[in-house]
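Here the structure is laid out as structure tokens; the discussion comes afterwards.
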Amino acid sequence: MGSTSDWDTMRHAAETLDALGVPYETKVVSAHRTPQRLVEYATGAADRGLKVIIGGAGGAAHLPGMAAAMTHLPVLGVPVESKALKGMDSLLSIVQMPGGIPVGTLAIGKAGAINAGLLAAAILATGDEALTERLKAWRAAQTDGVAIDPA
Ligand code: RP5
């Protein structure tokens, strides 16, 4: 994520991965304030064994796109809700990538962070039968938890 201030949103991705038993790391890597850290992180990610990168950032949210430019790994982008523009700036910054450098862009805020965790898990599950079963169980539990009576 681009800042420690993004953690309140991005922790939902982490909690989702926890629930699914997917190992991960969390780092603050700012495209603007720590550009060299971003270069090292993105160019070294695959060699370190990472399989998917989730990038969460707000405002002029270049982090996921710049990461995607420097790795062949799948990059998922979470637009963090900004104060000034309520995350529309973040969304448009992340989603409007030029053809050739994809970022799988999720919804603004908490829902996007949760879904980034789920989507990362689904990507990893294509090569992991045990994770596939955990993901199916998570989805089934969610379905079972939806009340039919709103009261
Ligand atoms: C972005 O600027 C970060 O991703 C964050 O969403 C936003 C504001 O950062 P702080 O000023 O709170 O550190 O780079």
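The backbone N, Cα and C atoms fix where each Cβ goes, and this holds for glycine too.
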Of the residues ARG33, ARG37, only one is listed by TrEMBL in the substrate site with SER3, ASP6. Which is it?
ARG33
Under a threshold of 6 Å between Cβ and any atom of ligand 1, which of the binding-site residues SER3, ASP6, ARG33 are retained?
SER3, ASP6
Using the Cβ center of SER3, ASP6, ARG33 as the substrate site position, which other residues in that chain lie within 8 Å, going by their Cβ?
MET1, GLY2, THR4, SER5, VAL28, SER30, ALA57, GLY58
